[in-house]
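**Q** Just passing along the structure, written as structure tokens.
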Amino acid sequence: MNTSRFISLFFHGSLVKRIIVGLVLGVVTALISPDLEPVLGFNLAEKVGILGSLFVKGLRAVAPILIFVLVIAAIANKKVGSKSNMKDIVMLYIIGTFGASIVAVLASFSFPMYIPLTTVADSLTPPNSVSEVFVVVISNIFANPIEALATSNFIGILAWAIALGIALRHAAQATKNAVNDLAEAVSKIVHLVISLAPFGIFGLVAATLADKGLGALWDYAHLLLVLLGSMLFMALVVNPFIVYWKIRRNPYPLVWKCISVSGLTAFFTRSSAANIPVNIDLAEELGLDEETYSVSIPLGATINMAGAAITVTVLTLAAVQTLGIPVSIPTAILLSVVSAVCACGASGVAGGSLLLIPLACSLFGISGDVAAQVIAVGFVIGVLQDSTETALNSSTDVLFTAAVCMAEERKNNA
């Protein structure tokens with residue numbers, strides 16, 4: 001196989017398969033490095049750790065501009081004047097996201113986690129109360145936009161993005177198209193960075209195992225079990241309860257239909273945006289109101305973020321527990337909901353929720369360097385985490401739309 005063909009295969013093949021290869025090679029490198037050290041004169045696993053460091057730096061670089069342009073584009077291009085039960089559907093989106101945050105917090109406190117971090121800052125300044133968190137949030141909102149982008153002040157970035165998005169809703173269509181083109185360009189850069197994930201995972205796993213030993217794998221396995229368990233609980237317990245509250249009959253036939261059609265496809269595409277056509281077809285098959293689902297499903301792909309709420313909450317609280325920062329459950333729920341809401345606009349990007357972790361971490365006084373390591377941990381487990389998160393997010397879009405439409409139909413027939 002020539003070099004160009006190898007490069008094409010590696011960069012255009014399945015990302016999941018490539019990450020698995022990087023993960024396996026990282027483990028193998030860590031295992032054989034001690035035996036090779038007398039021959040090479042250095043520990044190979046420690047040296048390849050530079051690949052992981054560069055990957056983390058790339059993630060930190062793209063995260064601020066990614067959130068900025070995607071949120072502007074999402075708000076500026078939002079359709080105006082459509083009713084069609086949207087208030088009820090958006091309310092379910094909000095309830096679902098908040099419920100996911102609660103599930104994630106309870107799971108994190110019930111099964112405390114430790115994740116291996118290479119460096120831990122000594123100058124942590126965790127908030128002492130909810131009121132202090134509000135002070136931090138409000139002060140960060142009024143930051144200079146350029147400074148916010150340069151310093152990764154995600155709250156300030158979000159505030160300016162929302163304000164600009166609202167202002168641009170009344171701009172000329174050509175301006176909105178330009179904003180969309182910019183968002184698409186940034187997304188392509190993000191995909192380029194994420195395409196390097198196998199190299200980054202290879203370096204991160206090798207260096208982590210060389211430093212922490214094989215026991216670090218259990219830390220990742222524990223974290224993954226908490227994440228997936230929370231998402232499954234949300235999909236199979238909380239969501240059916242919400243649907244039953246709306247339609248007043250057995251919700252599981254509808255839940256299974258949405259999971260088997262929408263969730264299964266989204267699991268492999270790992271993109272809520274890419275799964276929109278599947279959800280549209282399913283909504284049509286279910287006989288839902290076209291005026292409603294044609295708006296609610298694309299909107300849900302942007303703002304319905306139950307899976308992201310779980311991911312950001314669990315990983316952030318894992319970092320909090322690792323660093324020994326005391327935090328009450330109400331404060332954890334508040335901060336987790338804030339971070340989940342900030343995920344708006346990033347759901348169409350594979351791994352997008354991971355890039356929001358620095359926002360939640362910053363509210364606990366955790367430094368950007370440590371937050372970037374938490375993102376890297378997320379990519380290590382992302383083969384299943386991101387796929388399951390997307391499956392939950394996307395299947396819930398059509399599930400809640402169907403629930404509201406069926407409830408309206410039941411009301412009209414009563």
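Just so you know, glycine gets a Cβ as well, placed from its N, Cα and C.
The annotation transmembrane segment is assigned in Swiss-Prot to 19-39, 55-75, 89-109, 148-168, 189-209, 223-243, 297-317, 323-343, 363-383 on the grounds of sequence analysis.
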**Q** Of the listed stretches (19-39, 89-109, 297-317), which one yields the highest count of Cβ-Cβ distances below 8 Å with the transmembrane segment (223-243)?
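**A** Comparing 19-39, 89-109, 297-317 against the transmembrane segment (223-243), the winner is 89-109.
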**Q** Can you tell me which recorded stretch out of 55-75, 89-109, 148-168, 297-317, 363-383 has the most Cβ pairs within less than 8 Å of the transmembrane segment (19-39)?
**A** 363-383
**Q** Contact between the transmembrane segment (363-383) and the transmembrane segment (89-109) is defined here as three or more C-beta pairs under 8 Å separated by at least 6 residues; is that satisfied?
**A** no
